[in-house]
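Participant: Below is a structure I'd like to ask you about.
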């Protein structure tokens, strides 16, 4: 599948109390192309159960599920994987998951990390944070100039993450970003209907003018 559009990322604190599945389905209805399941808890049984449910939803809507920092879970479910800089070897994950799996890599604000990820078999790279982020407030800041440098040198999809809103996403897309990864601006909503509305608005940014 082509990696372009809204990249929705779950947050276990935002999506507690039974909101995970209805809110995720709303995001998928609204056009999210990728969904990253991000849960750092140690409850493996619950994580497996939730990931299986999310995989079913993604299959229903033609989207791709990506698991954060758990190559074994990704391999068990036959889904994609996202690795941070401290989450283990990308090349080892590629060997485990196979050539066809989508594997993304966090590259913060450093082009050399992205080039290394490409060499190790990444499917996409993620730069950020571009704006103030409540999820990762201490992450290194990335600039739009980084995108200008990266676009001609990286021949694979580029993801932007970090405090992105409907107001700031267009400028990043104009600089060549293929995927905008969104957490709070999508899921910090009072209802599933509002999540769907926001997802449709983000997805519309990728449509030809």
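Here the Cβ of each residue, glycine as well, is placed from N, Cα and C on the backbone.
If you look up Swiss-Prot, you'll see 36, 37, 38, 39, 40, 68, 106, 136 marked as 4-amino-2-methyl-5-(diphosphooxymethyl)pyrimidine binding site. According to Swiss-Prot, the Mg(2+) binding site annotation covers 69, 87.
On this model, are these features tucked inside or out on the surface, and what's nearby?
Facilitator: Spatially close to residue 36 (4-amino-2-methyl-5-(diphosphooxymethyl)pyrimidine binding site) yet at least six residues away along the chain are 7, 8, 9, 10, 66, 67, 68, 82, 181, judged by Cβ distances under 8 angstroms.
A sphere of 10 angstroms centred on the C-beta of residue 87 (Mg(2+) binding site) encloses 16 other C-beta atoms. Mapped onto three states, the DSSP output places residue 87 (Mg(2+) binding site) in coil.
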Participant: Looking only at DSSP and grouping its letters into three states, which state does residue 40 (4-amino-2-methyl-5-(diphosphooxymethyl)pyrimidine binding site) belong to?
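Facilitator: Its secondary structure by DSSP: coil.
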Participant: Enumerate same-chain residues with a sequence separation of six or more from residue 106 (4-amino-2-methyl-5-(diphosphooxymethyl)pyrimidine binding site) and a Cβ-Cβ distance below 8 A; give 'none' if the list is empty.
Facilitator: 82, 83, 84, 85, 87, 126
Participant: Which three-state DSSP class does residue 106 (4-amino-2-methyl-5-(diphosphooxymethyl)pyrimidine binding site) fall into?
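Facilitator: Note: residue 106 (4-amino-2-methyl-5-(diphosphooxymethyl)pyrimidine binding site) is in a strand by DSSP.
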Participant: For the C-alpha pair, I'd like the distance in angstrom between residue 38 (4-amino-2-methyl-5-(diphosphooxymethyl)pyrimidine binding site) and residue 69 (Mg(2+) binding site), rounded off.
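Facilitator: Per the Cα atoms, residue 38 (4-amino-2-methyl-5-(diphosphooxymethyl)pyrimidine binding site) and residue 69 (Mg(2+) binding site) stand 8 Å apart.
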Participant: Which has the fewest other Cβ atoms within 10 Å: 38, 40, the binding-site residues listed?
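Facilitator: Counting other Cβ atoms within 10 Å of each of the binding-site residues 38, 40, the minimum falls on 40.
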Participant: Whole-number Å only: compute the distance from the Cα of residue 69 (Mg(2+) binding site) to the Cα of residue 37 (4-amino-2-methyl-5-(diphosphooxymethyl)pyrimidine binding site).
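Facilitator: Cα-Cα distance, residue 69 (Mg(2+) binding site) to residue 37 (4-amino-2-methyl-5-(diphosphooxymethyl)pyrimidine binding site): 9 Å.
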